[in-house]
Every structure is written in structure tokens, then in C-alpha cells.
Amino acid sequence: MIARAFALLWICLATAAGAQGFAGLGTDADGFALPSADSALTFPADHGAHPDFRIEWWYLTANLRGDDGQDYGVQWTLFRSALSPEAGSGWQTPQIWMGHAAVTSASTHRFAQKLARGGIGQAGVTTAPFDAFIDDWQMRSTAAEGDPLDALTLSARGVDFAYALSLQAQGPLVLQGDQGYSVKSPTGEASYYYSQPFYDVTGTLTLPEGDVTVTGQAWLDREWSSQPLANDQQGWDWLSLHFDDGSKLMGFGLRSSTGAHFTSATWITPTGQTTAYGDGALTLDPLETVEVEGRKVPVRWRVTLPERDLKIDTEPLNPQSWMGTMFPYWEGPIRFSGTHSGKGYLEMTGYE
Amino acid sequence: MNAVAFQALWSHWRRHKVQLATLVLGLALATALWSGVQAINAEARKSYDRAAGVLGQDQLDRLEAPGGVTLSQYIALRRAGWDISPVVEGRLSGDDLRLLGVDPLSAPPQPALTALAGDSAALATFLGDGFLLVAPETAARLQGSDLPPRRIAADVPPGTAITDIGTALRLLRTDRLSHLLIRRQQAMGLTPLDQITDLKRVTPTDQSSLAQLTDSFHLNLTAFGLLSFAVGLFIVQSAIGLAFEQRRAAFRTLRALGISLRRLMALLAVELGVIALVSGAAGILLGYIIAAALLPGVAGTLRGLYGAEVTGTLSFDPLWALSALGIALLGAAAAGAQALWRVARMPLLAPAQPRAWAMASGRMIRMQTGAAIALLLLSGLLALWGDSLMAGFACLAALLIGAALALPVLLLVLLRLAGRFTRGPLSEWLVADARQQVPALSLALMALLLALAANVGVGTMVGSFRATFVGWLDQRLASELYITTRTPAEAEAIRTYLTPRTDAVLPIWSVAITLRGAPAQVYGVADDPTYRDHWPLLQAQPDAWDRLAQGDGVLINEQMARRDELSLGDPLTLSEGWQLPVVGVYSDYGNPQAQLIAGTDALATHYPDQLVLRFAVRADAAQVPALITDLTACFDLPDDALRNQAEIKALSLDIFDQTFLVSGALNVLTLGVAGFAMLTSLLTLSSLRLPQVAPVWALGVAPRQIALAELARTALLATLTWALAVPVGLALAWVLLAVVNVQAFGWRLPMQLFPGGWLWLGLWALVAALLASAWPVWRLVTLPGGQLLRVFANDR
């Protein structure tokens, strides 16, 4: 799962570009580390921050059902963006943190944003115990044993919403792409990328109408890199799908200015076995476009993965799931039906 | 059809280029002065808003602590979910710069930081290596300084640098935050602040806003602009009126040829509109030039008077230009309405001969006089019983219009009186002819009267203000040296050091209290001749200073006395169980808040914990420089800890005098406009007055003598107008000082008279009038004799 922030935070905060063409050489022109296909991920160390990489996030989405019988979606994201490749301390640390949180229902989409710099204790990620936080928003490990991400509490609040959830993983961590090395363009831009898609969730949403007890499932994405989008890439259409039979699918398409999609997908069995699919295996075709905040956004998609006999149509819970944050994008819960059915999350960026 | 008719009408202007130039120039001048003043005021207001609006400091509640806020206090509140933003404020005395450190990631949206919002690399550098956002003039001043790099941000107030909080803390060598701004909108369900922090929540008061302080200054500028506009409109009115009269024949012919009245009116309106637009455009250009030329002086004045930083460079605002154009159109409409109305009422076959358009009848004069008396009465009533700012302005307007309307009849009376003292035919003719000209010249003379009265009025007001300001400086800066210390220990050490070396060391200290629901400041004053001799009281009980020293009374400032309607002897409760009678009222210009003076011992009894960190030192003025050197050496004091009275006073007065530059420049401009109005009227008359001049010439008076007589008459009229303008101007000043100022600011400036200025003004009026009449007279006397003879051709 990737936000427009992937593109925009870099554009916004990076002091210089110049990363292209350095893939595999270890560092880019500004000294940031670059992902390499050869290095294996190690846990729990890699749950923490990687200040020598330009950009990183802890990205959680949950499909929930309330005791009021309604469907809800919850988003909790912590982004890290580095101005230079060092951790630093105090006010002049080069690490900038940004939090996004949202609660979506069929009729409302409430969201909030936080910004903070690292080094002063306002935001950051610690690994022992695992604790990712910005202000009072928190994703904290409650796992007594095993991987720290196996059990989490999650909280955030905005002007008109708050939530407190506890998450229990029902399966293992999943490495995306090639053992966690995820290629993002035909020219080789890549990131480190792993997920925990097996969470069961219980908790409470606090809304202006009152508290709602919720249960459901959640998906955590962890990703970090130093490379910007390829020059001709305009945005992303990204999906995380929970099938009714317990399988999962992560799929994305990066839209180039020529209109073509560079696609990638990972099929995840209920026990966590993965199959990665490279460019072209997955197809994404918009079915319906609606006007969202003055722009046209395709909110219904046909998703096919012939190698898995998958052909589904997605339907948003709320077509107006617009994150009107500093870098705006569409992010919201979806349902899907066709050869397979289930729920998931859709993210779309770069629709100006 | 329209085009042909329009061409026919327009041909008038082609033949009367000077008239057209007069019209355009008059309207342009009127627009320029009005809009120029508006531009200056707008620029200044923008600066105040910017200064106040930086970080929303003027609106947002803040959290403070006496010694500053620690990082951990800030983080604790953030981690509790409160959306607050840290600010560190300080002065870099070496560079005379106010430094404002902000956290752009949490700061409320603000214009000064928009420079960062769009520019990613800039934000990164701002947070990283750091730079200062400064106004253009600040950047120019800081050239070569070893501060971090500067970047221009037009929205930053002059004299201030905005930078990242990390950079600011480093430059100010501190780790304490000055305060935390509390955003209005907060997340739901937060723990109340008072349960999680012991920082004090402070709600800003807009009492001390610069805009309020400087209102009187801008009011005066505005009044000036309005006056210039009105004077300019006299020119326009006379030029339009003349043109319409001269075209009566053309109108009649056009009507006879079948052009409907409606169409004729429309064509004339279009013509006027075109002229107004062209003049308006010229006026905008001129106004901009005037404003840009005057602004640095205005900025200097405001800085010196009120400590208000106003940018010295003018920005161009399209909206301003548009409104200036609107004013030009409105002015043309106002000035042309009468002429159009007359065309509308003109009978189809009216005699086409041009007549002296402004030769008002005796009935007209009587009507004017009646209106003038009514207006002057109204003005008087408003001055006496008016109870609001609006009433003050209405009083001003009634006074000026009434005086202008009364001018013709007063001039006639004066000329009749003068006629009694004339000897010889030529001088009798001169006075009689002057009387005959009064109705025709009345508009121009009214313009002159207004310009002169404004000069006298504003000159008197500014002069009185200056005199008051000098007195105020003497009060505030009676001591030779002012010291600000950093700690009580340092204060004590310096006091001990100074006591044997100087005449007196007087503590300066005050306590902020809430009095009758409003904030007030109580100063503790020692019993010292410094105050007894230098602090003039507006009203006082005979033993006021003794009672103050004994702790049996309190002095209050004029604003408070007026606002709370307090008078001598009224009891005042300063705090619980501490009640004192008012024993005196003092003037306190420029301060919008209530202020009190109590005996220092009495105040110390009730507020024992208040720190006394500032001192005024009385010493031989000659020894002060040596004293400063010694003090700096002994106590390692920063540059701004010591202030020499003589320096401050000289600087303040110097800066105040820039006011005179500005109002002086405006005075000259208004007078110039009035002179121009005279010129146009005299030009008009010069062609109409042949029937009056020809007989004199025919009787054998030499053209040179006629010329002298013409000049003498103009001088006579100008002098009489000036003589009438002086009392009007004084009345104007009185209304400004005693009515408008009191209503607007709560203090009354004592009025002082400056007769020397009036004489100079009279001289200038004479010069302007003579200059204005020079060309018409030259034209008249260089007329070929044949033209003068022709006057008699139609005699039967």
C-alpha cells in the first residue's frame, strides 16, 4: 500500500532528486541508502525506522462492522520522510513525520493529519517495545511473545472522530515482491515491502453520534525506499483484498503518462504462502468515474488475474473517501464480487 | 448618427485644448491625491495586520510560564493530543532584529510562511540549515551580517525575521520556548489543559493593537485626501460647467437637427465617462507616484511615534487602482451632474448666446448664505452636543461646507467695506469690479478657502500634537539614563553601584491589574522631584504629589478618566481591600489602556513579590557617557540594557518631524490644486470679461496698468479669502483636537496657535493666486486692440 505521499513527500521534502540510475549502487547522490535485491529483511529490527532511507511508512487499513450493523473502514498511517540520511536529534533533526487517520462509513469520511519532526520526542518508532507514534496517535505492540507485530493496539483521533482498536495477527508476516524487494517501475525503481494482512480486530469507534463497537480484519503494510517515481509515472491504483476464503491479494498499478499500467500483485494463501506476479499479470480497468472534490476519480474497478482465474468488480463503501490532506488522495474500504468475493481497501493517487 | 453627433460635441474639446487639459488635470489631481492617501493608509494597515497577524498571535490563546516553556512541557501536551504550536521570540540586539522562531509543521496557517508552502526545497532548507524570512527592507539592512542566509518574504513585518524554531533557539542561545499557541480546533475528547499542565493560558486582548494606536494619524491623512479631492472637484466642476455653457449653441443645433434630448444626454454622459476614465488612469499613476514618494516619511513617522513598523515600499494593488478609477468616475459624475441637469432643462430654442455661466444672481447668493448659516449652526450644535465619532465628522463636514458657502457673501461684505476706503476712479473701479467678479470666481475661491483652512487646521493640529509630544517625551524621559537588568541580583548590584555615583536611582516598575473588567497597569513612582516637576497634571488636587507619596491617593491617565467618567476625589478599588481616591489626572498620549500611578511604597506593600528590574537614573547629563562606559564594563550588560535619554529624545523628535514632511507635502499639494482651480476660473473669466475691460481701456488706461489692476484684484480676493480661512482653519483644528480626537482615542490634545505659520500661508496663497492670474492677465492685455473695440460694435 502506498500513498501519493510516496511521490509527494519526496517532491516536497527531498533536497535534490538524482536517485535515478543509481539502483543497486548502495547510495544515491544525496547519500541515501538504496534498496537491494540481495539483502534479506530481519525482524524485529526492520519493524523500526530506517533513517538512512528517504521515505518509509507504517500503513494500516481495517474493514470493520459495527454493532449498529453498519460497515466501517479505518485508516492509520505514519509516514517518515528524511531531508538527509541521518537520524539526528533535537529540533534540527532531518526526520519529518506525518500521520494520517480516517474513519469511513457509507455516508461519512472523517480524516485527520499530523505533522511532526523527529528528535524531540513528538513522533517516531521504537522497536523495544514496538511503538510507532505521532502526538497521541499510537500503534503499539502488545505481543508477549513471537513477533512484536503479532498483537497491536491502535489509536488516533481527530476533530470529529476517535478510535481505539486491538489487533491480533492470525498468520505470519508476508514479504512482498522478491523476498521483500518490490520493483515499482520498468526502469527498476524499487522498495522494501512487507505486510501483515492477517489481523483480527476488535475495538471502539468514537463518533459524534456516539460510540460504536466494531470487529473485523486489518492489513498492515511496511515499506521504505529512497527512490522517487519514474518520471513518467503519474499516480497509483492500489488494492488490498481479503477474500471470504481467507486468501489475500495485494495488487497495484502505476499509471504512466501514456496511460499504461505497470502492475504487480502478490497472492497470499490463508497460511501465508505467497506467489508474486510481475508486470502485466494483473489488470486494472476503471468501470465508473465519479466527481470527488472537483476531480474525476474512478471508484469502481474490474480486477483480473487470469493465472488465478480472478475476475472481480469492486464497489466502494463510500465513493467520497477523499483524504483532503496536505497531499490529497482517495483511500477507502471496498467490497468486491465476481469469481471471488470479500472486502478490502482501495487507494488511488495522482488524480488532479 | 451617434458617431456624427459625438464628433460634433467632441469638436469643442479639439478647439479648446486648454479647457480639456484643465478638466483632465483637475480630475487626475483630485483622484491622485485621494487615492495616493488611500494607498498609504492601506499599506500601513497591511503592515499592522501583518505584525499582529504573524502566527495568529493576535487571535489565538497561548500557554505561557514566567521563565518560558520547556521542551518536555511542550511534548507532554502534544502527546496528550493538544494541537499547539511552539513559538520562540527574542531580539538580536546586535542586528536590531526581532526574531520569531516557529515550527512550520505545527504553526497555524499564516501569510508569512506561504513562501514555504509552495516550495519544497525551501521548506527543507528552512528546517535543515535554516534561513531567515525577512521583509525586503530588512534584507537590505542586514546585508553583510553573519546571521543565517536571508530570504525575502513580503508578508513578514519589517524589522522582524521569521525562522525555524531550531534556528531561533540556536541564535538566541536558549532552550526555552516563549509560548505555545493553542489552535482553535482541537481533537475530540482531550483531557482539559489545566489537568495536564501548569502553564498559564492567556487570551490575547486586541486592546493594544497598532491599528488602534495609529488611527488618529491615518484619520488625518484621510481627511487630507478627502479635502484634496473636494478641492480638485471644484476645478472639474468649473471646467465642465464652462464647456457646457460654451456649447449651448451646439446643443441647440443638435436638438434642432432631431437628436433627442435623451440621446444628447447619453452622448454627453459617455463623453464625460471617457474623460473621467482617461483622467482616472492618469490620476492612478500620479497617485501612485505621490504615495511612493510620501511613504518612507510616513513609515518613519509611524515607527517613531508608535513603534509601528511600516514597510517603506509601496506595493501595487489592482483593487486600489480600480477603486481610484471608481472615485474618478464618481467625481466626474458629481461635478457634471449640475451641467447635465441644466442641459436637460434647456428649452429647445433657448438663446444660443454664451453667457457667463457662473454669474450667479443675487438670489443665488442669498440661498447660499441661508444654507451656510444653517450648516454652521448645525456644526456648532454637533460640536457642543455630538456624542460620537460620526457626529465629529459630521461637525467637520458642516463646518467646511458652511464656511465655503458663506464665503461669497462675506467677500462681498468685506469688499463693500473696502470700497469705502478707496480713493480715485481706478481703485474704485478695481474694488467694484472685484465685487462683480465674486460670484464668477466663487467656486475657485471656495476651493482656495478650503485648501487654506485645511492648511491652518491641520498645521495647528500637527503643531499642537508636536508640542504635546515634546511635553510627553519630557515626562517619560525626564531621567538621564534608563537601565534594564536581567535578574534581581543584578538589579540590586547596579543599584548599589549607582547610588553613590548619581543623584537618584528611581525604580520603574508596574503591576498589571484588572480594573472594572479591563486590563490596567499600575506604576509605582518614588517621591522625587523628577516626577513632581516634570509630570504635568491635567487636573489635580492641590496636594496630589504629597498624597501620592503617602499612599493616600492615585493618579490616573486621561483615557481612563474619560472612559470611566472618573473625576477628582472618586474612590477607586485597585485590589481587594485597597481603595484610593483619584487625586490627579495626567495625559498619556498613544496609550489605549488604562494606566495609574501609585506611590512606590504603597504599591510594594500590596504587591511585595513583584520584581523591580528597571531603573531611571538622575545624573549630570555630562557624566552620562562615562557612566554608560563604566556600567557596561562592570556588569557586562548587553547593548540594549542602557538607554541614554538625550539620544532617545533627539531621535524621537527627529522622527516626529517627519510628520511635518508628510503633512507639509500634502499641504503644498492641496494649495497647488486650489491655485490651479483659480487659474482655470480666471482663464474662463478672461474671455468673458472683455465688456468690463474694454471701456476702461477705451478710457485710456494703459494695458500695463490694466494688468496691474487685474493682478491687484486677484491678490485682494486671495488675501481676503485667506483672512477668512484662518478662523475657519482654527475652528477645524479645534473640532479635530477637541471633538474627533476625544471621541476616537479618549484624549484631548491641548490646542496651541502658530500665527507665524498663518502669515507664511497667506504669502503662499498670494503667490499661488498671482501665479494663477499671470497667464489670464497676460492674455487679456496682449489682446489686439481690435478685439477690445469689437465689444462696442454691438452697442446701440
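Residue numbers in this text run from 1 along the chain shown.
Each residue, glycine too, has its Cβ placed from N, Cα and C.
The domain 'ABC3 transporter permease C-terminal' feature in TrEMBL is assigned to B:223-347 (among others). Mean pLDDT across the domain 'ABC3 transporter permease C-terminal' (B:223-347) comes to 78 in this model.
What TrEMBL records for B:443-625 is domain 'MacB-like periplasmic core'.
Sequence annotations record features per position, and here TrEMBL assigns domain 'ABC3 transporter permease C-terminal' to B:667-783 (among others). Residues in the domain 'ABC3 transporter permease C-terminal' (B:667-783) partition by DSSP class (helix H, G, I; strand E, B; coil) as 101 helix, 0 strand, 16 coil.
The transmembrane segment annotation in TrEMBL covers B:221-244 (among others).
Counting only same-chain residues 6+ beyond the ends of the transmembrane segment (B:265-298), those with a CB under 8 A from a CB of the stretch are 2, 5-6, 9-10, 20, 23-40, 43-44, 221, 240, 244, 259, 310, 312-314, 316, 321, 324-325, 327-329, 331-333, 336, 340, 343-344, 658, 661-662, 665-666, 669. Annotation source TrEMBL lists transmembrane segment at B:265-298 (among others).
What TrEMBL records for B:318-344 (among others) is transmembrane segment.
The transmembrane segment annotation in TrEMBL covers B:365-385 (among others).
Among the features that TrEMBL reports, transmembrane segment is placed at B:391-417 (among others).
Annotated transmembrane segment per TrEMBL: B:438-458 (among others), in sequence order.
Look at TrEMBL and you will find B:660-685 (among others) tagged as transmembrane segment.
Annotation source TrEMBL lists transmembrane segment at B:714-737 (among others). For the transmembrane segment (B:714-737), same-chain residues at least 6 beyond its ends with a Cβ under 8 Å from one of its own Cβ atoms are 220, 223, 379, 383, 392, 395-396, 399-400, 403, 407, 410-411, 414-415, 418, 430-431, 434, 437-438, 441, 445, 448-449, 452-461, 464, 678, 682, 748-751, 753, 758, 761-762, 765-766, 768-770, 772-773.
For B:757-778 (among others), the entry in TrEMBL reads transmembrane segment.
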Tertiary contacts of the transmembrane segment (B:318-344) (same chain, 6+ residues out, Cβ under 8 Å): 27-28, 30-31, 34-35, 38-39, 42, 229, 232-233, 236-237, 240-241, 243-244, 251, 261, 264-265, 268-269, 272-273, 275-277, 279-281, 283-284, 287
Contacting positions for the transmembrane segment (B:757-778) when only residues 6+ beyond its ends and CB under 8 Å are counted: 448, 452, 455-456, 459-460, 463, 671-672, 674-676, 678-679, 682-683, 685-686, 707, 710-711, 714-715, 717-719, 721-723, 725-726, 729
Beyond the flanks of the transmembrane segment (B:391-417) by 6 or more, those residues with Cβ under 8 Å of it: 223, 227, 360, 365, 368-369, 371-376, 378-379, 382-383, 431, 434-435, 438-439, 442, 445-446, 449-450, 453, 716-717, 720-721, 723-724, 728, 731-732, 735-736, 739-740, 743-744
Residues of the domain 'ABC3 transporter permease C-terminal' (B:223-347) by DSSP state, where helix covers H, G and I: 107 helix, 0 strand, 18 coil
